[in-house]
């Protein structure tokens, strides 16, 4: 039997002296209780209301039970028991758990999911029988908290109470184990599920991809009995994130054949793959699809389009997307600034930054990487120093290793090698291989053997298997005619098992990507390519071309070195492009390594001879060859 609570101090208008029976009947009206019924916010106020209900002989069912649960859910045990007594007195029966579930749902979706765990513990303490909804809300909280310990308790309840048939609960448990790093338990649970829907497969794939286990994720993808757009998108994005853009594009083409319509997330993932590959043909097709599908207002799609066009050498198209955006984020501005700098339009990059500040967009760390690159390519050392200082002073941005690398690049390009070296030695964070490699590049341009040897000593520890650094040092020795040191470096590479990365270049013609490697004679048009190269070579020599055989670090006759130079992959790709594209159209080539000095000089002459614009994206930057010149301020 529910005991009557003490009356406490009731509001004055509710504690008048006894009146006549007719007046008492009037005060018992439910309308008289409405103000207090819906405003109590604490157990104390609830007890005041309860006392008033008893005093006025009003039905207890007038008290809103969901409100009682919300007020008493996290109260001390005695008050929690008091709330349960109200529920029992009203005889809500099996619906009591529904009341607590309402609280659990609110807590699970609120700012403090720990409250879900507290309430769940209280329910277990008072033997309140949970249902599937109870367990789903607790699992949601465990997921938000990455709380696998309490998740195991819920898992036990699911099994004990016979909810193994509930697919939502099963998926949530798999998700929890996987998210908390217990992939073994997640996979065990997944394998034991009597029925798996596409959600279960997607959960496992997502968590594997997050752990860079892309091949395992693809193994699951291949086994899926059915796939939705999320399944395809997950796998495409996973390939992109793991540095496998070609696999991502191939999978997207399979997705199209399967008749699955890409969504905005798919579009972003495929555009990122196109950017990495330089696949302008597919990138444009995806852009057209995006416009037809109404994705034009999606900021993330637009940002990725900017990046794609920048990396495919189409700066005007990137600027077109940027200018049409109704809403721009700091990512939009930063991508455009970086693109302008990468394409040799550093002055435009600095102007755009000024506009960005004027419209009130706060820059981030990526913005300053673009700005520092722009200053490097323009030789604006003082301006670069000011930007680096303003990061911390004006924008409270802590410089990362990339920013320090940009400063070393800025100083090295300007020939301030000693200052660059001192800058590295005074960095508050440990320099990585990229930082020392940047200094090494400066040493090659400005012919500093001593600092180059200092840089390579650090690189031998930080990045011992990067062949590029050894090649640069060999070039430095070769230019100084220190042939014994050239031989020593080659021997060191052999002893340490460092193999030179084979150079390759790609060019897309009519939607088909053609790849060439150095010395490639296997292409179906190889004979025609070499014949046309011979004709070009005659015209180039008439215009002053002299082969730069110093870039060939092989022990062979001069004539053989020249022949080796003529078979560089970018030269083969260029000639193929000239043969298979319309006169006057730009030629775009992607290369995995730096364009060598000889190819750089050759391309400038060829652009004037054939009257074509040639765009080459190498490992470092973009080169625009037109009318006998390059957009780069310097070769490096």
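Placed from the backbone N, Cα and C atoms, the Cβ positions cover glycine too.
Per TrEMBL, the feature compositional bias 'Basic residues' maps to 11-20.
What TrEMBL records for 21-30 is compositional bias 'Low complexity'.
Under the heading domain 'DYW', TrEMBL lists 544-636.
Here TrEMBL flags 11-30 as region 'Disordered'.
The repeat 'PPR' annotation in TrEMBL covers 197-227 (among others). Long-range Cβ contacts of the repeat 'PPR' (197-227) within its own chain (Cβ-Cβ under 8 Å, at least 6 residues beyond either end) map to 167, 170-171, 174-175, 178-179, 183, 186-187, 190, 234-235, 237-239, 241-242, 244, 258, 260.
Summarising the annotation, TrEMBL assigns repeat 'PPR' to 228-262 (among others). The repeat 'PPR' (228-262) scores a mean pLDDT of 96 in the predicted structure.
Outside the repeat 'PPR' (298-328), and at least 6 residues removed from its termini, the chain residues within Cβ reach (under 8 Å) are 264, 267-268, 271-272, 274-276, 278-280, 283, 287, 290, 335-336, 338-340, 342-343, 345, 361, 586, 588, 615, 617, 622, 624. The repeat 'PPR' annotation in TrEMBL covers 298-328 (among others).
Counting same-chain residues at least six beyond the ends of the repeat 'PPR' (329-363), those with a Cβ under 8 angstroms from any Cβ of the stretch are 299, 302-303, 306-307, 309-310, 313, 315, 318-319, 322, 369-371, 373-375, 377-378, 380, 383, 395, 397, 621-622, 624, 631-633. Marked as repeat 'PPR' by TrEMBL: 329-363 (among others).
Secondary structure of the repeat 'PPR' (197-227) per DSSP, as helix, strand and coil residue counts: 23 helix, 0 strand, 8 coil.
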